[in-house]
């Protein structure tokens, strides 16, 4: 007798699982960057429009497919059409790639969390050199936070060709991160359903605490004014709209198969339309909320750096021109500089090369995303706060909760199709399948703990999913609307939930969303082609900064394999199914 499919204990568990999966690191470290780059408050206009025409409809589509077919991604799309099993397989491959490299972020968060209990924080000051006669040269040329990230955490090599050895400390943190994930997914929805309450709610508690602290920091208003001041000219910038659409698409986790997997454990009568709207709105609201927190911290950091710069200029001029202490202030600095330049032109020209150009606006305009924001910019701000150990521990604990929550969805996209497979599940218990998936991912993930690991992380982060996911979701919408049939799917939803599908969802699924995905796909494809030789940012220890280098041929080959290995699943499985069907009928495939 076939076992009954496991179910969520209640609809709230499902919603929390979706929120925990969708609300991730991208909300904290990419959305604020996009606001900074594309017009502050005005970026919300394309973002909200893309949420309405792309985010909510596609999220509802995936939840509805999962709930209707009651299977993981492979089984769900094979039920829609035997030729579409490759869509689910492609989703599974992309989720496997994502899980492999995503958990290294949790490993880094563990590493920083463990170091947050030291006084002073280890990234707050540069270490002494070997002779104890001064500070380490690399650290002096960069900064203490950059040095701790690139040298102490990554021990980064000068190029991707210099692979180096596995760093045992990050490797142990990676093993710990995978152990935590394994314990969370051990019993499927039974264990995941309990964990998501924490991974979904705790980040909000930390963000609220950080918001209160951030708003009380000196200079926080400068950051918030920079964020909310709209630059309306950016609305005419096509890249602002493209990045808004991309952010919505990837932030909701579309195409990975995780949402289909989560929805497959719902009761058939569950109101997935309502849940799609709730999850979409909470995800986008969190991005805006996290941006307010981030920009208050940005404002504090920028103001601190700006005032430090002014104080250095004031000290330099006071000492060089024997001015009275306290005479030169930030308010009269420009006036006194003009006077000194006109009165003592020779001496002023000697001092001028040593003077930095202090600008609050340029400090606020320094845009950073990804690991650079979390592990360099945030730590730079945290080290200057009072009780910095507390704020550091809270921040990296929040990153861990966000990261682990997303990993629950990533692993569900891999495990659900495997446990749905009768051959696999009849030979291995659920716990063993989960353990094997975690073990294989962990072993491959050790590549990212090598000295060149961060360069490989960037390759996976940049190329493993972008084009693949766009194509996967495009095929999904076409499959539902034109292969399975929109009217047929509409009647299935009505029979399931008792609610008719309104015109908005049908218009988005059948026309607007697919056209938008095609536009994004064409843009990214042309962007890769026009870029020419692909390049990466390598750390130059002698200069204490990042330099641009070309990828070697073997790295380009791996980038090609990453993209092709998932995309090619769709046509290859369809071709294989066609051949098998022809052979079963005793026919031969027609020759073109």
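Keep in mind that glycine also has a Cβ here, set from the backbone N, Cα and C atoms.
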Transmembrane segment according to TrEMBL, located in which of 110-135, 136-161, 240-265: 240-265
Cβ-centroid neighbourhood (8 Å) of the Na(+) site, 22, 23, 27, 251, 283, 402, 406 excluded: 19, 21, 24, 25, 26, 252, 253, 286, 287, 405
Proximity verdict for the transmembrane segment (277-298) and the transmembrane segment (554-575), three or more C-beta pairs under 8 Å: no
Of 12-31, 168-186, 240-265, 436-457, whichever stretch has the most CB pairs under 8 A to the transmembrane segment (43-61): 240-265
Long-range Cβ neighbours of the transmembrane segment (195-220) (under 8 Å; 6 or more residues past either end): 13, 16-17, 19-20, 23, 184, 286, 289-290, 292-293, 296-297, 299-304, 385, 391, 394-395, 397-398, 401-402, 404-405, 408
Touch test for the transmembrane segment (82-104) and the transmembrane segment (393-415), at least 3 Cβ pairs under 8 Å: yes
